[in-house]
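Below are the structure tokens for one structure; questions will follow.
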Amino acid sequence: MATIKDVAKMAGVSTTTVSHVINKTRFVAAETEKLVLQAIQELNYSPSAVARSLKVNTTKSIGMIVTSSEAPYFAEIIHAVEEHCYRQGYSLFLCNTQNNVEKIKNHLEMLIKKRVDGILVMCAEYTQDSLDLLANFTSLPLVVMDWGPDNKHTDIIQDHSFEGGYLATKYLIDHGHKDIGIIAGELTKTTAKTRYEGFIKAMNEAGLKINPDWVMEGFFEPEDGYECMNKILAQDTLPTAVFCCNDVMALGAISAIGEKGLRVPEDISIIGYDNIHASRFYSPPLTTIHQSKSRLGARAVTLLFERINEKSEERAVIEMHPELVIRKSVKSRL
């Protein structure tokens with residue numbers, strides 16, 4: 001691998017001159033610059049990112065720690081983060097944790113060794129062990145996005161999931177549905193719990209009974225939607241509509257309904273949550289609750305850049321208000 005000394009020798013100049021050409025830190029005669037650039041091209045020389053970072057105290061890179069980059073909702077946020085980084089001339093190191101505290105610790109240590117300029121942590125929930133661990137890593141700018149209760153270590157995402165759960169359920173009620181089931185997430189998790197509470201409020205306001213046989217709990221995966229829907233379909237009486245608390249569980253539910261020879265929305269209406277990109281291509285296209293993944297990703301990165309440039313540590317609140325997206329998976333029963 002070629003070094004700066006090799007470039008200097010081929011061009012017949014000093015290593016200092018080569019450095020000035022690369023970094024544009026001083027005027028260099030056009031003919032000399034041409035010789036240096038030709039040598040760089042012929043030798044396929046690439047400056048050491050680590051060496052440059054030690055000089056200018058920046059690597060133009062950030063780390064991002066997420067629970068899982070496979071989940072469509074997080075994947076769309078990650079895409080927005082990467083695009084925003086690219087436009088700012090930054091590279092992104094992506095680390096998956098599966099909510100494993102040891103992996104979070106190892107990833108944080110690795111990113112610090114790589115001298116990233118800042119770290120973005122975006123998980124759906126945090127254990128106390130994770131929060132205590134993050135509190136110890138204050139040596140560089142850190143933005144911790146948290147959907148959970150107020151915590152002194154974290155920024156806060158107020159996604160108004162209660163409002164979204166209420167909005168989804170009320171839409172079903174307003175279209176004449178009275179027998180409504182729900183496939184919720186894990187109800188020990190803040191996001192799942194608040195969406196479920198929004199469902200309860202809408203049902204209670206309308207004076208509708210909640211059938212416990214139609215209340216299911218999953219883990220926000222398509223398999224959970226499929227299995228939970230099959231349990232509902234095994235009951236003696238069926239709901240006319242089901243609120244799935246994310247779009248991928250809705251996909252599993254639609255698959256289970258089809259396998260039983262029933263149709264969406266003619267026999268059972270389905271409404272989802274998140275408005276992931278694929279939801280418009282479901283069969284039928286999914287009526288769902290929208291949350292802006294691109295705005296969240298851009299806002300999180302902007303906040304991190306502010307901390308990098310201004311050394312600000314003030315906690316931030318990012319608000320996301322849910323919106324109804326009407327497609328073709330809900331039938332009117334009026």
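Heads up, the Cβ atoms here are built off N, Cα and C, so glycines get one too.
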So Swiss-Prot lists LYS189, THR191, PHE220, ASP274 for hypoxanthine; which of TYR73, TYR86 goes with them?
TYR73
Quick one: what's DSSP say for TYR73 (hypoxanthine binding site), helix, strand or coil?
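Its secondary structure by DSSP: helix.
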So what sits near PHE220 (hypoxanthine binding site) in its own chain, CB-to-CB under 8 Å and at least six residues off in sequence?
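Once residues fewer than 6 apart are set aside, PHE220 (hypoxanthine binding site) is near ALA71, GLY185, GLU186, ALA192, CYS245, ASN246, VAL248, MET249.
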Would you count the other C-beta atoms found within 10 angstroms of the C-beta of LYS189 (hypoxanthine binding site) for me?
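Summing over all protein chains shown, LYS189 (hypoxanthine binding site) has 17 other Cβ atoms within 10 Å.
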Any idea of the Cα spread of the hypoxanthine site, TYR73, LYS189, THR191, PHE220, ASP274, as a max distance in Å?
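Max Cα-Cα spread across the hypoxanthine binders: 16 Å.
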